[in-house]
There are 2 protein chains.
Amino acid sequence: MEVVDQLADERIKAQFDVEEMKIVWAGSRHALEVSDRISRLVASDPAFRKDNRTMLGRKELFKNTLRKAAHAWKRIIELRLSEEEASRLRFYVDEPAFTDLHWGMFVPAIKGQGTEEQQQKWLPLAYKMQIIGCYAQTELGHGSNVQGLETTATFDPQTDEFIIHSPTLTSSKWWPGGLGKISTHAVVYARLITDRQDHGVHGFIVQLRSLDDHLPLPGITVGDIGMKFGNGAYNTMDNGVLRFDHVRVPRNQMLMRVSQVTREGKYMQSNVPRQLVYGTMVFVRQTIVADASCALSRAVCIATRYSAVRRQFGSQNGVETQVIDYKTQQARLFPLLASAYAFRFVGEWLKWLYTDVTQRLQANDFSTLPEAHACTAGLKSLTTSATADGIEECRKLCGGHGYLCSSGLPELFAVYVPACTYEGDNVVLLLQVARHLMKTVSQLGSGKKPVGTTSYMGRVEQLVQYRSNVQKAEHWLQPNVILEAFEARAASMSVACAENLSKFSNPEEGFQELSADLVEAAVAHCQLIVVSKFIEKLQQDIPGKGVRQQLAILCNVYALFLLHKHLGDFISTGCITPKQAALANDQLRSLYSQVRPNAILLVDAFNYTDHFLGSVLGRYDGNVYPKLYEEAWKDPLNDSVVPDGYHEYVLPMLKQQLRSARL
Amino acid sequence: MEVVDQLADERIKAQFDVEEMKIVWAGSRHALEVSDRISRLVASDPAFRKDNRTMLGRKELFKNTLRKAAHAWKRIIELRLSEEEASRLRFYVDEPAFTDLHWGMFVPAIKGQGTEEQQQKWLPLAYKMQIIGCYAQTELGHGSNVQGLETTATFDPQTDEFIIHSPTLTSSKWWPGGLGKISTHAVVYARLITDRQDHGVHGFIVQLRSLDDHLPLPGITVGDIGMKFGNGAYNTMDNGVLRFDHVRVPRNQMLMRVSQVTREGKYMQSNVPRQLVYGTMVFVRQTIVADASCALSRAVCIATRYSAVRRQFGSQNGVETQVIDYKTQQARLFPLLASAYAFRFVGEWLKWLYTDVTQRLQANDFSTLPEAHACTAGLKSLTTSATADGIEECRKLCGGHGYLCSSGLPELFAVYVPACTYEGDNVVLLLQVARHLMKTVSQLGSGKKPVGTTSYMGRVEQLVQYRSNVQKAEHWLQPNVILEAFEARAASMSVACAENLSKFSNPEEGFQELSADLVEAAVAHCQLIVVSKFIEKLQQDIPGKGVRQQLAILCNVYALFLLHKHLGDFISTGCITPKQAALANDQLRSLYSQVRPNAILLVDAFNYTDHFLGSVLGRYDGNVYPKLYEEAWKDPLNDSVVPDGYHEYVLPMLKQQLRSARL
């Protein structure tokens, strides 16, 4: 077949250096080089083919994932890949697998919560995959509320062992990935009980399956929890159920870095600060924000390319208009494109924040921790919710064909949405942010200066009085104009909540009653963070022809889109007038026109291979229709012209012989 | 197992007569009786079991659907069910199948567009299912724009036949349900060409497959287009691809009610008004609105029941708080409950509108047609978008377990979302509404009085000046206060768009440029319709203790929730002040508290069987956790303790023998 590039005209139009933009997106020249090399490695290896995934039954699908995981590990060893490269390789294989939990949760749990001795014993086994581990926290009846877990670990001083037990049905471990069929070990979270005293939830390393025949050890009931959303999606993962019937583990398998149980059964705290666990949380949530920008950019890349290929209505000279030229399409698509970049940069900043927090913790400085914790919780919530909704919006932006699995979008959505629930339900997290905001407001009088992302609260008296002085649409292009409006809105909403709360005699009751408003105040605060970090990014040195200009356009699109979406907040707090809002809207339309010619290269800059995108609609060459047609015939239903079941069920119907048929 | 009702306490709390509410929901005592009887019939028949659906591979899944369709047809014949009962039975079987298109599109197309003679020939065959038909309109490259279809039907006067042909790849028929594997016939839409003249798109009855051996007839290429979103979902349907290579059909297979081709090849219009097709559109879209209320109410029923079962945090006396008691949960869930009722009533009203339009058409009165057409287009868009988003929100409201297929919600979402795209893309439809609104505004000066749902536009001068006089939260409970605010907002937004449009020298260019604003004006108009029809419903005689009161609460929840969501519209148009908005919000919170004790019975009133709901989380008895646990073990992965692939792929990894393994 001849080489086609249906999007060549689009690529000529663009006004910036896409190669330099790729570096900005990747984070550094080095990061781009690694990503590029590893993604091509995966794409060119037929063992990592994934286009048949949605047609497989559960067993085949799962076996296929085991094969890929083994192949990936083999390649990692053969090519002597670095940790960074290995992690990129697993990422580009793009299929949830037990290895995600082994590397992403089991190993970090031991590193973070195990003593030196425990690390020396367990980590080498885990690094070589001589054992495979998972992270068994969530229970059938207990998710968000970790303190409500029911599994018990009772110390038996007679044998120097813990007895791990599931006292109720709802205490069954439920959801842990890799648990159902593969893991040999787990870090199990259970209520520590010594001498009838409950010390709350602690982690224990528990072997689940024999290393010889893979059978569950005595007292352990374990299995898969069944099908989940989507065709392939997370069904490649063995999320599991696990019950313990008085299972004994040696005392030294309790993770003892922070607290210990002595040989005599005495419970003790070490001098390691408990706050360290928050450091881990900051780390994990930073990864989730980075993943959000990745998932959203994939969806946007598919929808943008297909919007340039697809034509509907508006026939001129017999050729219909490209869908991407419609303002309604732009008004839905370009804010998502801008959001993908915005989330990328705030994710980059969170990496810095994690380093900063870690260094401070090591110096016993806990002063920024509550703010950092609230900030990462809020950003996790904001970016994952926007990404889940954004992927589905991109699917709708592709019209009917977005509903086909070959578009890649249904799987992307189904595999992404759990991010809104795991590692903290998004609404629960926003309430945590709101608590922090209310605390910050209440401490303003006491002279305690708000830090980091809440430092604007120090100017709260000015901010609640703030009135924007925008008079022309172009004024909305000034970063300080945008920043002030977002600060004023966020501060005013927090202050209003605090005032309403103060009317309640019972503050906790007030917090419950006003929680929906508090969530909105938290969202306003988090959006301010994303906008301000995007603006800070633009103040850095950004080389490459036109690159900074394009990013400035996207930053403005992101901010003005939010302003329009949350207009009620901005106007009712008095920060801006309806007239100024209308000017912002005019400016936004004009920004869309500026994005339009650059749209294709702005998604090319993500540097995704066609293999990784996994979408006929998002193909780099835009050669959509012939490939859609080709893909259709691969469906198992097309194996035969007359389908299975025709003779038993359809023919008797057509021949009016149903009455006598046995179905 | 003993009988449990975990929700019994909830059911005692309620303050209204649920049996009477069931009648209101069903529409009449008769409708309730039929629904109740048929849904139990389906639920009690093991042949209609559907809990294993998500685990089947494509071929098995499809064969299973053929079996159910045949069994359903057999039961319909055996029990001599009426048309109403048969249609209810297909509905409660709850699995997309080729029969949906046969009864829902093929038969109505012949009835609506065929001549008396054609109806007499084809309908008896179709009624007995001696032929099975589908509706082949959409093409690979052409969806929304019907006028852009490429398939041709060229009249050959030599043989008195049409030659149906697919001239390009993009002209392949693509998407029609029932086409891929089953239909023997199709109504095919193609450009009619006589004597080299193109007369636009017309419908033709074309036989696709032999009635003897089911093989495609010469010149016809046909197959399934492949996997779609979700596990079961629409994969039970054979959406198809179809290409014609100069396929000949007799002249009398063109549907000739509105226009004809004579033996000589002359193209003629009959005296049947072309507007009749709009009547069909009103009918189809009215069905879609009814389906929306059904799909949304299912999701809401599941989420509401599980929110009462599920407990998290807030431990008191060792028992955690029911999730439904959290205001954040209420603020997300109860507006959806209210929306389900709102859509039900507006759907009921649309049924009346269809009858009204039909009677007028028969009397050659076309005066209300444009308004009725715009209104149904807008309501289709509004209700399907809200329902798709609402189902996903309900899934998230169930926490992690909503992600399991056994929750029923993933399938409900995947099977529902196409409604946002088919029968008119939701954004394209809103633009049609906006066009009608702009026309209405422009004709105000000419003395042409706006009719039906646009009649409030007749008071546009007062409405744009309107300032709400709400002073207390309770004032927001008055129907006229709500109605006026919604009318003022909608009218002001339309007028503002019209003014902005008038600044463009080229009106079409202006319409494109401002299309995002126009969409918002259309949404405001459509929300007003839903609110006003809910209020009208409350003015009817509604028997039963407390029934009217509950509906009034839900009506206020729906309206005030929208007001809060679109606060920017209401405040920036000046209809209400920020202070009044805050009062509305206070009132909304208090309404949530009033819904709370009645929530379970308000979803019981939908009268759904556990079979139809298909959700472990939504079980009537609330016995969720034991059943979730039980369901898990049914997954094929649990057939064996050690999974397929362990020996080939996992063992070599654990034993460090990967290097030598051949994968």
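The backbone N, Cα and C atoms fix where each Cβ goes, glycine too.
What TrEMBL lists as active site, proton acceptor is B:GLU423. The FAD binding site feature in TrEMBL is assigned to B:THR138, B:GLY177. Annotated domain 'Acyl-coenzyme A oxidase N-terminal' per TrEMBL: B:17-132, in sequence order. Per TrEMBL, the feature domain 'Acyl-CoA oxidase/dehydrogenase middle' maps to B:134-236. The domain 'Acyl-CoA oxidase C-alpha1' annotation in TrEMBL covers B:278-438. As annotated by TrEMBL, domain 'Acyl-CoA oxidase C-terminal' applies to B:479-655.
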Spatial separation of the residue listed as 'active site, proton acceptor' from B:GLY177 (FAD binding site) - C-alpha basis, Å: 13
Listed recorded positions (B:THR138, B:GLY177, B:GLU423) that sit near chain A [CB under 8 A]: B:THR138
Maximum Cβ pairs under 8 Å to the domain 'Acyl-CoA oxidase C-alpha1' (B:278-438) - stretch from the list B:17-132, B:134-236, B:479-655: B:479-655
Averaged pLDDT score, the domain 'Acyl-CoA oxidase C-alpha1' (B:278-438): 94
Residues that sit under 8 angstroms from B:THR138 (FAD binding site) by C-beta distance, when 6+ apart in the chain: B:LYS173, B:TRP174, B:TRP175, B:PRO176
Other CB atoms within 10 A, centred on B:GLU423 (active site, proton acceptor): 17
DSSP-derived structure type at B:GLY177 (FAD binding site), helix or strand or else coil: coil
Surrounding CB atoms that lie within 10 Å of the CB of B:GLY177 (FAD binding site), all protein chains: 25
